[in-house]
Amino acid sequence: MELLVDIGNTSFRWSTVAGLADGSVSSQQHLGELTPLLDAQWRQLAAPAAVWVSCVAGEAVRCELRDWCTKHWGLKPDFLRAQAAQGGVKSGYRQPETLGVDRFLALQAAKSLSVTPVIVVDCGTATTIDALGRDGTHHGGLILPGLEMAVQALIRGTDIPPPSSLEVDGLFGADSGSGIAAGALFSTVALIERAYAELEARSGETPRCLLTGGGALRVREWIRIATRYEPHLVLMGIVIATDRSSR
């Protein structure tokens, strides 16, 4: 048994290769502290042969995971890193190692799912939008605040009362709170649509658009292009990057 782990800024997802194929994935919020989650979910597991990890949450979280695995299983997890080329994807970053590993892995998963150009959107703490050519060339990407972060940033900088919910009824808010929520959502939607149009013009083909992350379904409800929701793109990318698909 080998574990696949995706640690975002606030999310913690894990599965096995077989579990991922069956759609069996555990997803929790970690809030910067992993030990309680690991004690609850992993303590009863037999020691795996390997732990493959995508982590963008920082060194403290990586150390916590490393220490837990060493203490309980006598092994060190393997932390994946972005590379110049892997899994059919060629990085578009000037310094490939600085691309977020979660984005790099999601691109590899997207490449395996599509024979056309594709826009890959991860709606998490931050929202990232990446453009991938038919041949696997990464054209670069965009990073903007996630839906909740965008709302929180505006509230912190003004006296506008916070919205009671991030749900919206339409483009125009009926009060300041709903206006903030709608602004965060529809600015994200508009930028995704703009990225899609740019990739379509650049490639001369109709791209696909893959959505992942905690805010993906909220975005998908209002976007005006065809999309596909793939909740576990990063874990799928780990399977590809580590060549675990046949195990």
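Glycine too: its Cβ is placed from the backbone N, Cα and C atoms.
Curation plays no part in TrEMBL annotations; they are all automatic predictions.
Fair warning: this is a prediction, and the values are worked out from it, not measured in the lab.
Per TrEMBL, ATP is bound by D6, I7, G8, N9, T10, S11, F12, R13; the candidate from T98, T116, T125, T127 named for the same site is T125. Cα separation, F12 (ATP binding site) to D102 (substrate binding site), rounded: 12 Å. According to its DSSP assignment, G8 (ATP binding site) is coil. Cα of S176 (substrate binding site) to Cα of T125 (ATP binding site): a span of 23 Å.
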